[in-house]
Each structure stands twice: as structure tokens, then as C-alpha cells.
Amino acid sequence: MPRRGSKKDASGESEEVVSTISNSMNPLQSPDASSEEPFTTYFDSKIPIPEDETHSCFSFRKLWAFTGPGFLMSIAYLDPGNIESDLQSGAIAGFKLLWVLMLATIIGLLLQRLAARLGVVTGLHLAEVCNRQYQKVPRIILWLMVELAIIGSDMQEVIGSAIAMNLLSVGKIPLWGGVLITIADTFVFLFLDKYGLRKLEALFGFLITIMALTFGYEYVTVKPDQGNLLKGLFVPYCQNCGTPQLEQAVGIVGAVIMPHNMYLHSALVKSRQVNRTNKREVQEANKYFFIESCIALFVSFIINIFVVSVFAEAFFEKTNENVSAVCTNASSPHSSLFPNNNKTLEVDIYKGGVVLGCYFGPAALYIWAIGILAAGQSSTMTGTYSGQFVMEGFLNLRWSRFARVLLTRSIAITPTLLVAIFQDVEHLTGMNDFLNVLMSLQLPFALIPVLTFTSLPSVMNDFANGLFWKIGGGVVILVVCSINMYFVVAYVMALNHMALYIGAAILSVIYLSFVAYLTWLCLIALGVSFLACGKTYHLGFAAHPELFLLNNVDADSVVTR
């Protein structure tokens, strides 16, 4: 490919500057490739995109070449935390909150679009752009917050896999044993990309298929009322709903929109071979990645509907007494889980499998457990990738592949193993509520930066957000963060302990101050220039005037197609 240093760019930079940037080392490349293992992750080799001259507007061949990152991203919408939110939604509110699930998925799609565009246009993922643009102290705080979100998500995913193994083994594999098995097999699966990126993506596709078949089996077995299902999807109303249903609606939004998923998706799209010096190719990549994300999230939405509908039809308004009687009659070994009282049934992914087994036979329990195992395994692997991308981006690590995987796994898995050792598999609902609150708190640290950088022409060139996306994105982020803050406040208020209130108040001041700082920078990026206050703008963004040339990074490594 010829050098692009012969022309001046839009800002009038000289050809020497352009040549230096375009020939600069890939930010993900080891500084001394000859003496160290190559600095590689998920995208150590890139998938070429075929030319299709006969289909200028749309090509299935190109869509297939771009297919992969969106489905890996969509796994976060199918992790055990989401499945638990789904079944609780059905048991607590019936079909009435399906429209909230659909709305949350659509909002998630729009936010994922911003993350994917950032990776496609700049050639850097969100963590790398944050590392380049934010000052040292804010980016360290940001990294710590994102790591907390990843740890919280990973705990739910690994515990979900361990619960599935416990159900499948009829209690013979304890929770801690399931955690250790998950750690081991995750290491094995993560190194499958050594044998080809497409094979790894096929594995994730296989796990999603297992989820669709298993939860689809439960759906067909229970036979939910289709009229109530359609009404719940398209009528945005919740008749006779109270505080539990409102809190569940808030929980759905918090479970669907995951902070670390923004970082993950912006990195995954780098696995395709796109010449970022060619505007047409960048536009094409953005189009096909968006189409693929729509398909992937539609599939995840259908699977989520399966779970909500099953529990809405079979267990809505059921009491512990009802379930206990059925489990006793079915000679279930788990009948003691449900006290003989008139309180409304409360379920999690463990109890959910048990009640399915009591009502619809052992096959329903084991098939449910297989689906949960697929959800836990797949989301654990993508969670590990998120941890790698975030750590590499923020800390600019130059470690070997094995060392990086070991470190990111250890950070997330250590608290999970401690919980598994000291906690009973039958009493994990309180922990999941706490982890949902933890992840809700981290949402602004992904959503605000992604809107900030996709709105900056100095970063995105001609692909910066227009007025519609700036206003719409800002409103969506404000609504999502407000909803999740309500969820957090409701959780803290339910603790009923003065010391916890005081601690929460102190942490809230620190937390809101940092969110306000990021919001200030975001508003400047959105065009509210008077907030820059002259030179105070530089207090926020680090001086990287070459960012408008980011689309030249890797330009010479792209094969002319």
C-alpha cells in the first residue's frame, strides 16, 4: 500500500507528521517484538473482508465476514445475572414488564453502536482512548471502577456456572468445586483462538444455540399464553403494580445494560481487517457491524423472552406453600427449600431450576441447568476478554499472553472463590442483589466516556456524532443512570442500618463528584463550549493533538483488497 504521507491532512499537518503517525507502532504491539512474545489478544490475526462488486448496497458475504463480535457482545445480555432478572420478573410481575425488557434491549443496542463505531473509526478501543485522553488520576480511578464492574459481573457468571454444575450433579459438586472447574475450563477455552479466531467465535455461537434450545424447550413445555405475552411486549403499562414490580423493572434495565460491555464491543470490532484511511470501508464496517448487532441482540431478546414467559405463566403469584406442596408430592430432594407459608414465591437461578423440576419433571430441571451452564461459561469467557482489554488499555501492559490471562482471571476469581467457600448455594440471592447494585454504580464510567469520545471530531473525524446522537445519547445515558441510581438508593434504604447510611453518604459524595467531572468533560465534547472556561479545558483532556490521525494507525498493515 502506498504511503499517505504525500498529502496534507485536513488540519494542515505536514507530510512528516502524518507519515510518523501512520508508521507508528501499533498501541497493542510489544515494544520489543524480537525479544518478547508478540503482544496478542483476541485479535492477534484479523479477518479479511471479501470484495463483492455485484452487491454494492448489501452483501451477505460481507455480513458473514463481519459476523462474530456482535454475538460475543450479546452474551452479556444472556449471562446468569440477566437470566435471574428474567425469571424474577416473570415470577413477580408476570408478563407485565416484557416491554421494559424490550426497551432496555433497544437502548443497549444504541449504546453498543457508539462503542463499536469508536473501535472501527479510531482503531483503538474505549480503554485505550480513555488512557490517551484523560489525565492520570481520573484514568486510574476510571480503571478501578471498570475493574469493579468486571469483578461483579464475573462473580455472577462463575457462580452461575457453579450452580448449574451443582444441579446437574444432584448436589455432588459443591459450589467451590464448580468455581474451580469453571476457572480451569475457561483457561482452556480462551486459548482456542490460537487455532483460529473463527473457531472461537463458532464456539460462542454453539453456546448461544444451546441456550436457545434449552430455554426454548422450557417455553414449549410450559406453553405460555401468547395473548398475555404480546400484550406485555407492546402495551407499556403495568396494571396493579407496586414497589416490588417497580424495583424489578429498574433491575431489568440494570441487568441488561452492562458497563464492561462497552469496552468489550469497542475492542472486538478491531478483529476485522478495515483500512481506516478509506472512508468508504469505514462506513461499510460501521453498517455491517450495526446489522450484526441488531441480529445478535434480537436472538438474545428472544431467549430472554423464553425465560420471562416460562416463569410468568407457571409461577406468577405462586406462594411458598403452593410450591412446597408440589415439590413434596413430586418427592423432590429440594422440597425443604420452600417454607410452608403464604409468602410470595422468591426464586433465583438455583431455586428456579428446582421449581421447574417439581412442576414439569426432572428433565426440565436438567435442561434448565444445561442452559445456565452455557450462559455462565460463555459470559465468563467474554468477561475475561473484557478484563484483558481494560487492563491492557488503561495500564498499557506489555506482558506475555499467559501472564495477562492469569492476572485478569485472578483479580476477578479470587473474591468469587471466597464467596463459594463460605456461602451456601441455596442462599445467594442477597449477594446477587448487591452485585447488581455494584454494577449499576459503574454504568456512568462506561456510558459517559463512550458518548464523549464519539462526539469529538478530533477523535472521530467525519464519523463524530451528529446533533441527534448527541442529544439522544445524552438523554438515554441520563435516563439509564437515573434509573440505576434509584435502584441503588432503594437497595441502601432497605439495609436499615445507620452506620451503613453514613458510609453510603460519604461514598456518594466522592462518587457523584467524579461523575460530575466526567459529565463536565462530556458536555464540552457535546458542544457546550462555555463550560471549557478558557484553559481549564486542558485540566480534563490530556494533550494528544495527534488524535485526529488515529485512523491512520495500522494503515500500512492493512492488505489492499
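Numbers run from 1 along the shown chain.
From the backbone N, Cα and C atoms, a Cβ is placed for every residue, glycine too.
Per TrEMBL, these features apply:
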type     : residues : note
REGION   : 1-38     : region 'Disordered'
COMPBIAS : 17-33    : compositional bias 'Polar residues'
TRANSMEM : 90-111   : transmembrane segment
TRANSMEM : 173-191  : transmembrane segment
TRANSMEM : 203-220  : transmembrane segment
TRANSMEM : 249-268  : transmembrane segment
TRANSMEM : 289-312  : transmembrane segment
TRANSMEM : 354-375  : transmembrane segment
TRANSMEM : 402-422  : transmembrane segment
TRANSMEM : 434-456  : transmembrane segment
TRANSMEM : 468-493  : transmembrane segment
TRANSMEM : 499-532  : transmembrane segment
Interface-richest range of 90-111, 203-220, 434-456 toward the transmembrane segment (249-268), CB pairs under 8 Å: 434-456
Range from 90-111, 203-220, 434-456 with the greatest count of C-beta pairs under 8 A to the transmembrane segment (289-312): 90-111
Top partner of the transmembrane segment (434-456) among 90-111, 203-220, 499-532 - counted as Cβ pairs under 8 Å: 499-532
Positions on the same chain near the transmembrane segment (90-111), where near means CB under 8 A and six or more residues out: 77, 224-225, 228-229, 231-239, 241, 244-245, 248-249, 252-253, 256-257, 262, 293-294, 297, 300-301, 304-305, 307-313, 315-318, 344-347, 447, 450, 472-473, 476-477, 480
